[in-house]
Amino acid sequence: MRRSNAICPSAVLGLLLVLAPTPGSAFYFPGTAPTSYKKGDAVPLFVNRLTPTESRNDPKLRSAFSFDHYDPHFHFCQPEGGPEYIRESLGSILFGDRIQTSPFELKMATNQTCKSLCGPQEYAPEDATFVNQRILNGFDFNWLIDGLPAAQLVTESEFDEPFYSPGFDLGRALEVQAPDGGTDVIATLNNHYDIVIDYHEPSKDNFRVVGVIVEPSSYADNAQYVNNAEGYCGDEQNPVVLSIDAGQPSSVTFTYSVWWRLSPTPFATRWDKYLHVYDPKIHWFSLINSAVIVVFLIGMVSTILVRTLKKDIARYNRLDQMALDDFGDGGAIEDGVQEDSGWKLVHGDVFRPPKHPLLLSVLVGNGAQLFMMTGLTIAFALLGFLSPSNRGALGTVIIIFYTLFGFVGGYVSSRLYKFFHGESWKLCFFYTPFAIPSFAFATFFLLNLFVWGRGASGAVPFTTMLVVVIIWFVISVPLSFAGSWLGFKQAAIEAPVRTNQIPRQIPPTGGYLRPLPSMALAGILPFGAIFVELYFIVRSIWFSKVYYMFGFLFICYGLMIMTSAAVTVLMIYFLLCAENYHWQWRSFCTAGASAFYVFASALIYWMKDVSFFNWTSGVVYLGYSALLSVLVFVLTGTIGFLASGLFVLKIYKSIKVD
């Protein structure tokens with residue numbers, strides 16, 4: 001078996017060049033250019049990995065691992081000479097796709113009935129046990145024809161139009177009567193496939209594939225109906241049940257039929273039947289709920305900025321002028337100010353460098369890098385550049401953008417570290433491109449070992465991981481160094497007030513201004529803006545579904561940014577009024593606290609929708625959930641810190657201080 005998962009060196013350049021239309025040709029986004037066939041032309045059918053979904057007798061995910069289509073336990077028919085791997089993008093490999101050739105022979109607009117794939121396949125008891133377990137755990141086939149996934153026709157309710165759900169059953173779980181009068185559940189293997197292909201004719205004798213449905217069946221007697229012209233391929237009442245008894249191997253024959261249907265659906269809209277919005281009312285309710293929260297928070301912040309702060313600043317400046325006019329009465333005036341408000345009293349300490357300034361600078365720099373990468377990726381997806389036909393495009397673009405925005409991360413961390421009067425600038429240069437990426441890569445590598453140990457196809461090959469490391473070292477690290485160098489060459493951000501030599505004593509604070517209560521209160525609001533879309537994203541990842549609702553995601557991302565900024569500014573204002581000038585780490589952790597709710601939601605999702613039958617699946621699930629939560633912590637923490645920093649600079653620039 002040959003494998004060709006290597007990444008083409010010009011993949012990034014090709015992604016850009018494919019946008020350029022050739023003279024006399026139509027313009028298509030990457031991965032969407034149509035392929036036209038003549039009648040009788042061979043239409044290749046590729047097979048992908050088998051993925052876990054909801055179990056048929058239990059709507060919970062029971063496995064976190066996918067398996068290669070040609071795993072020896074399955075004994076599926078192989079093409080002559082062995083299957084070949086189809087070249088894939090970097091993102092496709094990282095997301096677990098393993099696309100290979102198959103023995104199916106499809107010819108455009110030519111029906112075929114009861115065709116045999118290969119000779120009978122023998123299943124030993126241990127193989128039968130493995131396959132039966134996968135069937136009971138709800139594993140699905142994933143085939144591709146002309147870039148379209150083979151799907152099953154699904155209807156959510158009698159009032160909804162049917163839609164195409166990618167993937168179809170490996171087998172079915174049937175309830176049978178047990179000898180003791182109860183019921184047993186047995187697994188039946190689907191060994192016959194009715195492939196229904198919709199095709200469109202945009203011009204005479206030119207055909208394009210616009211839809212694929214597979215209706216699998218289980219026929220134990222299909223061998224005697226091979227090449228039956230009448231289309232009858234077996235008895236549904238006589239399904240294939242693999243024997244797990246020692247010394248009794250099971251023999252299975254695999255067959256298929258192909259039916260072509262002329263469709264009015266044009267190529268440009270062929271994905272509409274696949275991209276189904278689940279529960280659209282929930283999305284709209286979430287958006288409206290988040291929008292109300294954002295309006296409320298921005299209203300509160302605007303009230304503080306426009307009314308309270310304006311009055312405070314005017315009063316402070318007026319009292320300072322009175323103090324200059326009447327030098328002898330300054331003590332009474334200061335007492336009056338101290339009774340009224342406290343945020344001006346810490347002007348001599350508010351820009352004092354925080355503890356561990358290097359760590360905070362590195363985190364904010366990496367957060368700025370994540371912020372730019374996330375925003376631009378969602379924008380590209382929203383504009384239609386990331387077609388679902390171009391498998392793995394989303395993962396590839398995420399890696400490219402994160403790599404290129406290493407410059408932003410280095411620039412922001414160095415500027416901030418210089419503002420904090422840091423002296424270990426070499427460590428800032430080094431830690432910015434290595435700290436968070438190294439942690440993420442180490443976690444990914446460790447979890448990948450668990451996947452590899454289970455023999456699952458989702459294990460990322462070593463060569464692919466090496467390519468990621470090379471991209472990181474060759475592009476991201478130099479860009480980060482360049483950004484850090486440019487940031488240090490810039491003039492330091494000047495604080496509007498001078499810092500006292502002796503730190504001011506901070507009075508004790510209680511209630512919601514303590515660190516943990518303030519984080520708990522503030523963190524839930526940004527999480528509330530994204531939790532619905534986060535649920536659908538997590539579900540699409542673990543249940544191997546297509547996520548495409550980037551319009552909702554784009555709005556939710558914007559609402560999360562505004563919510564994080566507004567709630568953090570509000571908390572920092574209250575903190576400064578309490579004469580606590582340690583706002584730097586507090587602002588970062590207050591906004592970043594939403595990550596704890598993200599991890600808590602992952603735990604709830606585990607208890608509600610997931611029921612793994614082995615501990616390694618649980619380790620992989622918790623590991624990736626924890627990694628996602630850490631990245632969310634860095635991202636939202638950076639948003640809160642930068643918003644609070646701008647707020648603090650703004651208000652202290654507006655007062656007159658001797």
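Any Cβ shown, glycine's included, is placed from N, Cα and C.
Among the features that TrEMBL reports, signal peptide is placed at 1-26.
Away from its own ends, the transmembrane segment (284-306) comes close to residues 525, 528-533, 552, 555-556, 559, 562-563, 566-567, 569-570, 573 of its chain (Cβ-Cβ under 8 Å, at least six residues beyond either end). What TrEMBL lists as transmembrane segment is 284-306 (among others).
Per TrEMBL, transmembrane segment is recorded for 358-386 (among others).
The feature transmembrane segment is assigned by TrEMBL to 392-417 (among others). Panel annotation: around the transmembrane segment (392-417), residues 11-12, 15, 30-31, 88-95, 97, 357-358, 360-362, 364-366, 368-370, 372-373, 376-377, 380-381, 385-386, 425, 428-429, 432-433, 468, 471-472, 475-477, 479-488, 490, 493 of the same chain, lying at least six beyond its termini, place a Cβ under 8 Å from a Cβ of the stretch.
Per TrEMBL, the feature transmembrane segment maps to 429-452 (among others).
Residues or ranges marked as transmembrane segment by TrEMBL: 464-488 (among others).
What TrEMBL records for 520-542 (among others) is transmembrane segment.
As annotated by TrEMBL, transmembrane segment applies to 548-576 (among others). Cβ atoms under 8 Å from those of the transmembrane segment (548-576) belong to residues 275, 277, 283, 286-287, 290-291, 293-294, 297-298, 300-301, 304, 342-343, 346, 350, 374-375, 378-379, 381-382, 388, 509, 513, 518, 522, 525-526, 528-530, 532-533, 536-537, 582-583, 586-587, 590-591, 594, 636, 639-644, 647-648 of the same chain, restricted to positions at least 6 beyond its ends.
Sequence-distant contacts of the transmembrane segment (588-607) (same chain, six or more residues past either end, CB-CB distance under 8 Å): 360, 363-364, 515, 518-520, 522-527, 531, 534-535, 538, 564-565, 567-568, 571-572, 618, 621-622, 625-626, 628-630, 632-634, 636-641, 643. The annotation transmembrane segment is assigned in TrEMBL to 588-607 (among others).
Sequence annotations record features per position, and here TrEMBL assigns transmembrane segment to 627-649 (among others).
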So which of 429-452, 520-542, 627-649 is most in touch with the transmembrane segment (358-386), counting Cβ pairs under 8 Å? 627-649
Chain residues in Cβ proximity to the transmembrane segment (429-452) (below 8 Å; excluding those fewer than six residues from its ends, i.e. six or more beyond): 65, 358, 361-363, 365-366, 406, 409-410, 413-414, 458-460, 465, 468-469, 472, 476-477, 480-481, 484-485, 616, 619-620, 623-624, 626-627, 630-631, 634
